[in-house]
Every structure is written in structure tokens, then in C-alpha cells.
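Undergrad: Let me begin by handing over the structure; questions about it come next.
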Amino acid sequence: MAHLILIRHGKSTWNATGQWTGWTDVELNEDGVAEAKRAGEALKDIEIHKAHVSDLKRAQQTLDHIKAVLGKDIETKTDAALRERSYGIYTGKNKWQVKEEVGEEEFRNIRRSWDHPIPEGESLKDVYARVVPYYEKHILPDLKAGKNVLVSAHGNSLRALIKKLDNISDAAICDLEVGTGEIHCYAFDKEGNITGKEVRASNPDKGKV
């Protein structure tokens with residue numbers, strides 16, 4: 001049996017201020033560092049053979065803290081395919097101010113829907129189109145070979161992958177939240193079929209950052 005461990009990066013400096021971050025390369029804040037370390041503690045019972053991480057610092061710092069807690073130098077592949085959704089014209093804006101400006105329905109569409117367009121940015125459907133092929137090419141073969149794989153990435157790149165793994169409909173995906181520092185752990189058989197799932201280090205503040 002193999003495990004796929006998905007972790008959203010710890011809280012970043014822009015998470016703390018309510019700004020849409022997207023591709024902006026911000027760092028973890030103190031809370032985010034603590035979340036990353038807790039995630040490492042929550043993974044001590046799994047021997048991780050490989051790791052994949054986005055090219056943005058907050059995901060890389062999260063993985064570095066996990067490695068430090070585990071005391072392991074894990075073989076790691078870095079790739080932009082795993083980076084956060086681009087928020088286009090909304091990048092850097094305070095999401096709660098945007099909510100006041102556009103209204104509840106449009107805000108929910110911008111933030112959580114499947115294929116709602118953002119000027120100069122990406123929809124979740126666009127993110128899915130880069131994340132899932134990466135998973136199928138670079139991650140799934142190792143799972144079939146019995147290796148435990150960790151992915152340190154972002155709220156929307158993980159929502160896209162979880163949509164694939166959990167077979168979530170286009171309509172239902174708007175209800176999926178992944179909190180900072182939250183872990184989704186899947187078990188796989190040698191054919192690449194999912195045989196179990198658990199959520200570790202669940203974040204009670206999910207949806208607020």
C-alpha cells in the first residue's frame with residue numbers, strides 16, 4: 001500500500017491580511033511556520049519517499065519545516081504546475097473588500113466555482129488542466145510502485161487535485177475548502193486505486209484565509 005499526502009502550505013503573510021495571493025511569492029508568517037511544524041508531527045508515522053512542491057516560497061518553506069521535523073532529506077521535485085491559481089486583476093486585493101463591492105453570489109463564484117472567469121487570471125478549471133496531468137505523469141507512477149508521496153502546494157491546486165481523486169462534481173467543488181496546514185492523506189493499492197482517505201491537522205479557520 002502507498003500513501004499520497006497532500007498539504008496546503010501554512011498561513012502566509014497575505015493570508016493574515018486577507019489579500020488574494022495567487023502567484024505573488026510571499027512567505028509564511030509565524031502562525032504558518034507553526035502549522036507546518038504541526039503537519040510534520042502529524043506525519044511521523046509515514047515514511048515519505050518522494051515530495052513534490054510548487055515553485056512558490058510558502059509551499060517550499062512548509063515542506064522544509066516538515067522535513068526538519070521528520071529529520072529527513074526527502075527527494076523533491078519542484079514544479080510551477082502545482083502553484084496557486086492566478087487571481088488576475090484581484091491579486092493583492094483584500095478579499096473581504098471585494099466581497100462588499102461585488103456581492104455574495106459573485107464573490108462565491110470568483111472564489112470557489114469551477115469555471116468562473118477572472119480577467120487576466122485562472123479559473124479552477126484552468127488549474128485542474130495543469131495539476132491533473134502533472135499528477136498522472138509524475139506522481140501516480142510512484143504510487144503504483146508502492147512509494148509514499150508528499151505534495152506541498154496551495155488551496156486551489158489541491159482543490160483541483162482532490163476534485164479528481166474524490167470524483168467531485170463541477171457544482172459540488174464550490175463546497176470544498178482546504179485550510180492552511182491541512183493534510184489530506186490517501187491510501188492506494190498497486191493498481192493506483194484509492195482504498196482509503198483521512199484528513200489530518202484539519203484547520204478550524206478554513207474558509208477564513
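Yeah, the Cβs are placed from backbone N, Cα and C, and that goes for glycine too.
Nobody curates TrEMBL annotations by hand; they come from automatic prediction.
So TrEMBL says this about it:
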ACT_SITE  His9  active site, tele-phosphohistidine intermediate
ACT_SITE  Glu84  active site, proton donor/acceptor
BINDING   8-15, 21-22, Arg58, 84-87, Lys95, 111-112, 155-156  substrate binding site
SITE      His154  site 'Transition state stabilizer'
Undergrad: Since the record lists His9, Arg85, Lys95 as recorded positions, which of them has the fewest other Cβ atoms within 10 Å of its Cβ?
TA: Lys95
Undergrad: Fewest neighbouring Cβ atoms within 10 Å: which of the recorded positions Arg8, His154?
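TA: Taking Arg8, His154 as the recorded positions, the minimal 10 Å Cβ count falls on His154.
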Undergrad: Spatial neighbours of Glu84 (active site, proton donor/acceptor) among the recorded positions Lys11, Trp14, Lys95, His154, Gly155, defined as Cα within 10 A: which are they?
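TA: Within 10 Å Cα-Cα: His154, Gly155.
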Undergrad: Taking only the Cα atoms, work out how far Gly22 (substrate binding site) lies from the residue listed as 'active site, tele-phosphohistidine intermediate', in Å, as a whole number.
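TA: Between the alpha carbons of Gly22 (substrate binding site) and the residue listed as 'active site, tele-phosphohistidine intermediate' there are 13 Å.
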Undergrad: Here the recorded positions are Gly22, Glu84, Gly155; which one has the lowest number of other Cβ atoms no more than 10 Å from its Cβ?
TA: Gly22
Undergrad: Would you mind checking how many other C-beta atoms are within 10 angstroms of the C-beta on Lys11 (substrate binding site)?
TA: 25
